[in-house]
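A short write-up of the structure that comes next.
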């Protein structure tokens, strides 16, 4: 069995740490919240993010970055996108050998429009890069941690890394498929969060299934258009990392992005909705990144543009809806 250091103690990092431990691997989690660290070590739980879930007793946690760095040659990066570059640079400064980096972040860097694997590669010295991959797909942490059937995709430019991810995580309740389209899998995971926020708004406003179905379908079209422009295989968006992740995130109250949108749809201001979130809603930040990226690439993304107006320009919801529905006639 292997050793894996998990950087990040949020809901998904915790759920995947539990999967790894149940698969027989040694797991050390790293985080900054002393209460969460003590709770994992003493009570085998992380109630701040997964209330009521009992974790494998073999999992340990630390706030000592060097301890986590030296624990293994395989790292699971389960941090918000905006925190990744700084943490990876700190890790890199302490390394003296190659490590494998597996990430589960679903975002795009605001300043550079880079995917998370590109951020990690940028922040690593070449001599420390033993391979970078992603694990992504329709996988709410709340369901994974109680062993409900889940399927996800593992992707890396290096087939050996994809296979490593599959071998580490796959078991009788978590099925892992390999996928060689890293660009598509990462973009699918990041871009669907935009549509999830919009889907939550639609639900919060009280609209029915017709509107929700239209939003997801046309949202997938937007994701595919930008994805192809950035080098993704369009077929990837019909798989787990695309429509699979889109469906689960746009239809569930487990989704923090859907929840953020729902609060806004019910009449809360954006600031009020954000202040009530216990965890990071990546879709908020990704909307801004992708809006500007689409403008730069001249890609038509009307849902993203409308959501950007709501989130960052205080465009009223009813006005935004009228703009979307009143666009010029087009073929599908």
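Every residue gets a Cβ built from N, Cα and C, even glycine.
Just so it is clear, the model here is predicted, and its values are computed rather than measured.
What Swiss-Prot says about this protein:
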BINDING   11, 12, 32, 106, 141, 256, 280, 282  NADPH binding site
BINDING   106, 137, 139, 192, 245, 255, 256, 257  sn-glycerol 3-phosphate binding site
ACT_SITE  192  active site, proton acceptor
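Here the features listed in Swiss-Prot are placed on the structure.
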residue	record	Cβ neighbours (10 Å)
11	NADPH binding site	24
137	sn-glycerol 3-phosphate binding site	27
139	sn-glycerol 3-phosphate binding site	23
141	NADPH binding site	23
192	sn-glycerol 3-phosphate binding site	34
245	sn-glycerol 3-phosphate binding site	27
255	sn-glycerol 3-phosphate binding site	23
256	NADPH binding site	22
257	sn-glycerol 3-phosphate binding site	27
280	NADPH binding site	20
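Here the Cβ of residue 32 (NADPH binding site) has 11 other Cβ atoms within 10 Å, regardless of which shown protein chain they belong to.
Rounded to a whole value, the Cα-Cα separation of residue 106 (NADPH binding site) and residue 137 (sn-glycerol 3-phosphate binding site) is 10 Å. Residue 280 (NADPH binding site) and residue 255 (sn-glycerol 3-phosphate binding site) are 11 Å apart (CA-CA, integer value). Residues 11, 12, 32, 106, 141, 256, 280, 282 are the ones the record ties to NADPH, and the longest Cα gap between any two of them is 21 Å. Residue 106 (NADPH binding site) falls outside any helix or strand according to DSSP and counts as coil. Separating the Cα atoms of residue 11 (NADPH binding site) and residue 139 (sn-glycerol 3-phosphate binding site) is a whole-number distance of 11 Å. The Cβ of residue 12 (NADPH binding site) lies under 8 Å from the Cβ of 78, 104, 139, 141, 144, each on the same chain and at least six residues away in sequence.
Checking each of the binding-site residues (137, 192, 245) against residue 280 (NADPH binding site), the C-alpha distance stays within 10 Å for none of them. The C-beta environment of residue 282 (NADPH binding site), restricted to residues of the same chain at least 6 apart in sequence and closer than 8 Å, consists of 80, 81, 105, 106, 107, 190, 193, 257. Annotation note: residue 256 (NADPH binding site) sits in a helical segment as assigned by DSSP. Within 10 Å of the C-beta atom of residue 106 (NADPH binding site) sit 26 other C-beta atoms, taking all shown protein chains into account.
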